[in-house]
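K.L.:
In case it helps, TrEMBL gives these features for our protein:
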| type | residues | note |
| --- | --- | --- |
| BINDING | 22 | divalent metal cation binding site |
| BINDING | 118, 137 | substrate binding site |
| DOMAIN | 20-159 | domain 'SMP-30/Gluconolactonase/LRE-like region' |
């Protein structure tokens, strides 16, 4: 599918169908787009221009909320990513030399009492900002108001 408007072309990427894709991140050094396939609890990377597709399955704690919603490479740390999984901020290792279909276990570095993290991005100073969502019922309706939060993690891994 191609859409062209005002000289800009929007093109559907060659990714397998996702139930919910979140947290896209362009990794310049790898020329790869990474994103979280949330309900599958995996990260996907597509390398350009080769078309290689790499999948990282994250080991689950058994809690249905512990799904990955975003991951970001740690500057200066080759193959290390900080992720938000359920109500945890984690570190994980994922190398380009890993098999294209690979499993990994994350290391929890912070746990919040909030319901679950939804997304995360870094600011120009390298601080991670991660937001949480409110608890939802089976109809995806908010069950508790004013329960979400915004967290910041500094380079020393201190969360505030």
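Every residue gets a Cβ built from N, Cα and C, even glycine.
Tell me what's around each of these sites.
P.N.:
Every protein chain considered, the tally of other Cβ atoms within 10 Å of the Cβ of residue 118 (substrate binding site) stands at 18.
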K.L.:
What average pLDDT does the predicted model assign to the domain 'SMP-30/Gluconolactonase/LRE-like region' (20-159)?
P.N.:
88
K.L.:
When the number of other CB atoms within 10 A of each residue's CB is tallied over all shown chains, which of the binding-site residues 22, 137 has the maximum?
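P.N.:
The most densely surrounded of these binding-site residues is 22.
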K.L.:
For the C-alpha pair, I'd like the distance in angstrom between residue 137 (substrate binding site) and residue 22 (divalent metal cation binding site), rounded off.
P.N.:
21
